[in-house]
Each structure stands twice: as C-alpha cells, then as structure tokens.
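Enquirer: Let me begin by handing over the structure; questions about it come next.
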Amino acid sequence: MRIGHGFDVHKFGGEGPLIIGGVRIPYPQGLLAHSDGDVALHTATDALLGAAALGDIGKLFPDTDSAFKGADSRALLREAWRRIAAKGYRLGNLDITLIAQVPKMALHIPQMRVNIAEDLGCHMDDVNVKATTTEQLGFTGRGEGIACEAVALLVRTS
C-alpha cells in the first residue's frame, strides 16, 4: 500500500465558472488558474500521483504549456489515473477536504463524489469529499479563495 498527500490553493477572480469536483457551483466568481481551476481535482490528482511516485500535477501538466490552458481538470485526473493504473495500482480510498468560507459545498458534494468515482473507475464508497471553514480566519475565511487537501491510498494489483 502507498499513501499520497495533495494540497492546492486558488484565489477567487474573474467571472467563472466556479468548478469544484467537476461540478459547476453557482457563484459570482471563478478560481484563477491556468486550467479550469478545479482545486478539488487538482488536489486529488496530486495525492494520487504522489502515492504512485509519479511527481505532481505541475510536472505532468505544466502551466507553461499552452495545451493545458483552460484544461478540464476531469480530463487531467483521468490521464493521471491511466498512468497510475498502468503502474499496477488500484484505489484503496481517496479523502478530500475542501477549505472555504464561501460558497457552501454541502449540496454539491454527492455529485463531486460521483464524478470522481467515475473518473477513477471505482465505487463511490472509495471516494470521500468533505468541506470545512476556517471560522473566518485567513484568506479562505475572508472569502479570497479556496484551499484543499487530499489523502490517497493505493493498493498494488500486480
């Protein structure tokens, strides 16, 4: 078994859309990023790549490459997962924590889990997404952006 950890932060800005966990969330701003800014999927991708010792999302999909400008983070996650599975791993579980004062995430979490499980070809019970605030402290508490952490467990299949 192998464990990986992911962390990402994006600042609010622009008109959107705001996409988290592959879900469009109604909010007046999006997240500033080279790709679509999906902080949850970026974090999940980093945790999975780390567990497989395949580097990180920036190594695989550099923000200096115009091919990834505005990229769909679900497509990036699927490509990372293809490489991980090719190394002989399956998902044990993935646990994601969104850290944001706004917007509220609870209503969107079930669909996030469905999207991620679909992209990883696993059961929804293998994917957990939760959200918390920082009680109005720091940049997330001031509503300036969103942070996210994830932990992934991979199990060798071959």
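Any Cβ shown, glycine's included, is placed from N, Cα and C.
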Enquirer: For the divalent metal cation site, Swiss-Prot lists Asp8, His10; sort out which one of His42, His108 goes with them.
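Expert: Between His42, His108, Swiss-Prot records just one in the divalent metal cation site with Asp8, His10, namely His42.
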Enquirer: In Å, rounded, how far does the Cα of Asp65 (4-CDP-2-C-methyl-D-erythritol 2-phosphate binding site) sit from the Cα of His34 (site 'Transition state stabilizer')?
Expert: 9
Enquirer: With H, G and I counted as helix, E and B as strand and the rest as coil, say where DSSP puts His10 (divalent metal cation binding site).
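Expert: Its secondary structure by DSSP: strand.
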Enquirer: Please report how many Å separate the Cα atom of Ser35 (4-CDP-2-C-methyl-D-erythritol 2-phosphate binding site) from that of His42 (divalent metal cation binding site), as a whole number.
Expert: 10
Enquirer: Take the Cβ of Asp65 (4-CDP-2-C-methyl-D-erythritol 2-phosphate binding site) and count every other Cβ within 10 Å, whichever protein chain it belongs to.
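Expert: Taking every protein chain into account, the count is 10.
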Enquirer: Which residues, in sequence order, are found in the same chain with Cβ within 8 Å of the centroid defined by the Cβ atoms of Asp8, His10, His42 at the divalent metal cation site, excluding those residues themselves?
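Expert: Neighbours found: Val9, Leu31, Ala33, Gly37, Asp38, Val39, Ala40, Thr43, Ile146, Cys148.
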